[in-house]
Amino acid sequence: MYDYIIVGAGSAGCVLANRLSADPSKRVCLLEAGPRDTNPLIHMPLGIALLSNSKKLNWAFQTAPQQNLNGRSLFWPRGKTLGGSSSINAMVYIRGHEDDYHAWEQAAGRYWGWYRALELFKRLECNQRFDKSEHHGVDGELAVSDLKYINPLSKAFVQAGMEANINFNGDFNGEYQDGVGFYQVTQKNGQRWSSARAFLHGVLSRPNLDIITDAHASKILFEDRKAVGVSYIKKNMHHQVKTTSGGEVLLSLGAVGTPHLLMLSGVGAAAELKEHGVSLVHDLPEVGKNLQDHLDITLMCAANSREPIGVALSFIPRGVSGLFSYVFKREGFLTSNVAESGGFVKSSPDRDRPNLQFHFLPTYLKDHGRKIAGGYGYTLHICDLLPKSRGRIGLKSANPLQPPLIDPNYLSDHEDIKTMIAGIKIGRAILQAPSMAKHFKHEVVPGQAVKTDDEIIEDIRRRAETIYHPVGTCRMGKDPASVVDPCLKIRGLANIRVVDASIMPHLVAGNTNAPTIMIAENAAEIIMRNLDVEALEASAEFAREGAELELAMIAVCM
């Protein structure tokens, strides 16, 4: 029996396993549906290009047909191994915008506000470039570094952005977010530094930590409304793990998996559960609702040189050389995360913060890397950072081995369409600026024939895809309709919490891995200190005063 059963060894679950098992008196069980993270493609950064097709390491979900995207069902990759999506993502380290956390504070209290979040980000971070400062930490387990390799086209993109009157930003996690620049990544010595690598690998030998992989969670076990364990399927056999008296079940399966498991276990909207023959444990209608994601559209151009990372016979000598550089020195283009540069911009000058994000790739990327695009080219990803559209996760079946219903409801709010049109226009302006124009051969997609707003809208409906940031399906809040309270306890149930991206009340303006890790760090402290909501607010006030004092001291010393 265990004091804590953590379901899901992703970005959040690995942090929880580390922190909670640090107390040798507590027994911790970590369940993961996928295998151990031993595949070398996980740890070689450019291996990301081959991971989308791996059904072993990737849930490879499909959405429901999207009404506003010409009825298309979209591919939704999610990590299925130790480290979760942090083991298959592009490693971009972005915290989001300060205003995101002010909104969280409005929803869930000061312990989830900006001052507390910044404190945690700094505690977790081991930045390889920046010294310990107002914005960065150097003593944490999460390695954050500059890329060891940057393609000349990625540098040209940043220069072109400045030529298009966008400022250069040397630190997207610093004083301000706006601008173009190079992404810092979760890498160390040219290798991926996933949540598993950062928080789990170093504690595998702890005698009080049991890790069970290839264990597909099928049901949360309740006695009345108290969680007492978890059922899982491993090698077609059903197993159970139970908690001690007073022990807790911690759900960290992500914005898709957590609401799905709750509904399979009888927690959700009563009518939907009844429809699928699931016995009701607790009627909690908001489970699975409030789904938010970053919708993305690309500009793909052919290059007039062989500077990009290409798929061609002429690239073979460079590929062989790059392999040797990586194997023996951990250097070269195989250390690239592909999304080397990018930026944050406003769709219109009157906005008070960026609502568009760019990821520039010095290569062709077609269908999430699942289809090979031959030749030499480059791709600009453009995503709507602050979408207004909301979707849901639901049940398709009561069978735990069947995937859930995923309906992001993309572009259901017309403001999102307007934002993406603006993004295409700004993106084209950057790619037509002198530093990029000299590499330009022709626009492959959408093609130069697509010019008017109506033509751009139709292209968005035909081609837009996820950029992999689903959140919000077990919304945190102070209001009684929220799924979890500010201590992340599920309302109306006992001994069970949610700790992952599903608790975000609002999607952050940026990549979601770092914020999810921060959520887990905050949750671990709440759990270990046994804080209630009232104590949380008191602790947050103390943290705010301490943060303000620290910032004042830094300002004096600078």
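Heads up, residue numbers simply count up from 1 along the chain you see.
Here the Cβ of each residue, glycine as well, is placed from N, Cα and C on the backbone.
Copied over from Swiss-Prot, here are the features:
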type	residues	note
ACT_SITE	H469	active site, proton acceptor
BINDING	3-32	FAD binding site
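Annotated features, which come from Swiss-Prot, shown on the structure.
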residue: D3; record: FAD binding site; Cβ within 10 Å: 19
residue: V7; record: FAD binding site; Cβ within 10 Å: 26
residue: S11; record: FAD binding site; Cβ within 10 Å: 33
residue: V15; record: FAD binding site; Cβ within 10 Å: 29
residue: R19; record: FAD binding site; Cβ within 10 Å: 19
residue: D23; record: FAD binding site; Cβ within 10 Å: 13
residue: R27; record: FAD binding site; Cβ within 10 Å: 20
residue: L31; record: FAD binding site; Cβ within 10 Å: 25
residue: H469; record: active site, proton acceptor; Cβ within 10 Å: 27
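The two recorded residues D23 (FAD binding site) and H469 (active site, proton acceptor) have their Cα atoms spaced 32 Å from each other.
Between the CA atoms of V7 (FAD binding site) and H469 (active site, proton acceptor) there is a gap of 20 Å. The two recorded residues D3 (FAD binding site) and H469 (active site, proton acceptor) have their Cα atoms spaced 31 Å from each other.
With respect to their backbone Cα atoms, R27 (FAD binding site) and the residue listed as 'active site, proton acceptor' stand 32 Å from each other.
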